[in-house]
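Engineer: Below is a structure I'd like to ask you about.
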Amino acid sequence: MKDTNALSSRKKKTTVADIISLILLFLLTFIFVFPFYWIVTGAFKDQKIAVQLPPQWFPTDPTLTSFVTLFKNPALQWLWNSVFIALATMVLVCLTAALAGYVLAKKRFYGQALIFSMFIIAMALPKQVVLVPLVRMINALGFHNTMAAVILPAVGWPFGIFLMKQFSETIPGELLEAAKIDGCGELKTFFNIVIPIIKPGIAALAIFTFITAWNDYFMQLIMLNTRAKLTLPLGIATLQAEFATNYGVLMAGAALAAVPIVTVFIAFQKYFTQGITMGAVKG
Amino acid sequence: MNKQKLYKIRMRETLVSYAFLAPALLFFVIFVVYPMISGVYTSLFNYTIRKFDFIGVDNYIRLVSDPIFKKSLINTLVIVLGSVPIVVLFALFVGLTIYEKHSAIRSFFRCVFYLPVVTGTVAVTVVWKWIYDPINGILNYLLQSAHIINEPIMWLGDKRFAIWAIIIILLTTSVGQPIILYVAALGNIDQSLTEAAEVDGANRWQVFKNIKWPGLMPTTLYIVVITTINSFQCFSLIQLLTSGGPNYSTSTIMYLVYEKAFKLGQFGYANSMGVILAVIIGIISFLQFKFLGNDVEY
């Protein structure tokens with residue numbers, strides 16, 4: 001993905017339409033950034049200040065009382081659960097998807113078309129269809145109310161395979177041929193030749209999976225139910241039921257859930273964008 | 001190369017390929033394929049915590065005459081029809097405005113419009129709940145200060161507004177990905193074409209209509225399909241903000257499936273709704289590819 005846009009942009013006459021567009025764009029920017037801003041600043045407001053009107057647009061005397069209340073709940077445990085679930089899902093998805101995507105792109109074998117179309121169809125499937133049987137399966141496997149109950153079904157989701165297939169298409173066939181002639185085994189070829197080439201793809205998938213797993217509230221809600229097992233998003237949802245309108249505490253929780261993931265996102269934005277773009281190119 | 005040798009090579013490739021596919025297939029079969037088949041199968045049963053009796057298509061017949069299902073279906077369609085066109089126009093507008101800008105500026109705006117997605121549904125939802133709060137929320141405060149409204153509005157508790165309040169949040173969490181896709185697609189459009197057209201005296205609208213828009217068609221199609229699927233699956237916002245209320249005015253099929261299965265224990269009935277939802281999504285995706293796809297030139 002070369003950055004050709006900026007280079008080739010020529011000086012054009014700025015018209016009234018351009019100015020209106022820019023004004024609108026900045027207005028929208030404000031609307032999109034505001035909720036995040038309100039979370040982060042709200043976290044440092046005392047409940048009394050949080051609900052006062054006219055609102056305090058910036059916390060003039062920031063306080064940690066909301067965080068103190070928050071940590072009376074097992075919020076650190078929730079944070080750890082979220083991190084573990086997101087990391088484990090990420091590693092498993094990247095591994096299984098890289099292996100599968102590579103052969104789907106570069107090998108010709110019996111049943112290939114069938115398997116690939118099954119993956120494609122499943123991607124459009126709403127999770128709710130498989131909801132009840134999935135929960136039953138998790139219970140049968142003895143994973144009820146464990147992190148595995150959230151991690152394993154996410155690994156079954158075929159988006160990663162699709163993305164890795166897209167990236168694997170770019171591996172030059174001659175390179176694989178050459179490896180074969182040199183007597184390089186299949187696994188060795190995969191780790192020494194394929195992996196280095198599709199590394200940016202793996203990075204994209206890793207960051208994408210991490211964010212998706214971190215925010216997969218639905219699966220967490222269905223699968224986890226005792227207080228110590230919750231994730232951060234699920235924990236906040238529980239707090240919302242208990243604290244109703246204690247917005248200070250809720251924002252402290254929301255900030256704890258959002259700030260790490262937003263930081264990760266901004267740090268790896270380049271890979272993430274690439275992943276989304278590649279995932280959309282129809283194969 | 002003789003046929004037998006070719007067959008031998010192919011068999012070897014097949015064995016290797018399946019060895020590589022095995023881990024992915026294992027998860028896929030256990031956690032997607034099997035539950036999918038089981039979901040369709042058990043939708044033919046009167047299946048609750050205690051019962052498991054075969055009743056044929058009775059669940060589906062019951063669906064047709066269930067007023068709550070009908071209401072939820074209509075709400076789902078309102079959400080889909082309300083959000084998809086706005087998402088496409090919004091993303092197109094932002095994409096067109098920023099794609100020729102410096103790459104740092106593009107990165108900045110991509111981050112801005114993706115921020116609500118990354119922040120996460122739950123965090124986004126609690127902050128909007130506060131913004132919408134009829135007494136302590138800033139929305140009513142701002143509208144009242146500007147004398148647009150006189151009385152505070154119960155945004156989430158009023159049948160007239162609740163679903164729109166939800167659609168607005170949904171919009172903020174839906175445009176991030178389409179914008180990234182449009183910026184990438186616009187960058188791939190052949191610059192020499194647009195330049196040639198401009199030299200020939202085409203105005204901006206003509207350039208957009210005749211060059212950019214057709215070039216964006218595959219991207220637009222993809223965006224329409226993923227946004228449709230996502231809007232159909234709108235769940236967390238509803239579960240967290242209104243629980244489908246007031247009086248099922250914000251209930252969607254997704255939410256109803258959850259309610260029937262996990263609050264009321266009507267597993268078979270919930271599965272039949274899930275199946276219908278999957279069928280509807282399947283048909284709509286197919287039609288969108290068929291009709292919108294006609295304009296696509298490869």
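Cβ atoms are placed via backbone N, Cα and C, with glycine included.
Bear in mind that TrEMBL entries carry predicted annotations, made automatically and left uncurated.
According to TrEMBL, the protein has these features:
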TRANSMEM  A:20-40  transmembrane segment
TRANSMEM  A:78-102  transmembrane segment
DOMAIN    A:79-268  domain 'ABC transmembrane type-1'
TRANSMEM  A:109-126  transmembrane segment
TRANSMEM  A:146-164  transmembrane segment
TRANSMEM  A:190-214  transmembrane segment
TRANSMEM  A:247-268  transmembrane segment
Engineer: Of the listed stretches (A:20-40, A:78-102, A:109-126, A:146-164, A:247-268), which one yields the highest count of Cβ-Cβ distances below 8 Å with the transmembrane segment (A:190-214)?
Structural biologist: A:78-102
Engineer: Count, for each of A:20-40, A:109-126, A:146-164, A:247-268, the Cβ pairs lying under 8 Å from the transmembrane segment (A:78-102), and report the range with the highest count.
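Structural biologist: If we count Cβ pairs closer than 8 Å to the transmembrane segment (A:78-102), A:146-164 scores highest.
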Engineer: Would the transmembrane segment (A:146-164) and the transmembrane segment (A:247-268) count as touching if the test is at least 3 Cβ pairs under 8 Å, pairs 6 or more apart?
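Structural biologist: As far as Cβ distances go (cut-off 8 Å, pairs 6 or more apart), the transmembrane segment (A:146-164) and the transmembrane segment (A:247-268) do not touch.
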Engineer: Let me spell it out: take the transmembrane segment (A:109-126), skip the flanking residues so only those 6+ beyond its ends count, and list any with a Cβ under 8 Å from a Cβ in it.
Structural biologist: 103, 157-159, 161-162, 165
Engineer: Quickly jot the same-chain residues contacting the transmembrane segment (A:247-268) by Cβ under 8 Å, restricted to those at least six beyond its ends, or write none.
Structural biologist: 36, 38-40, 42-43, 45-47, 49-51, 65-67, 69-70, 75, 79, 82, 203, 207, 210-211, 214-215, 232-233, 235-236, 239-240
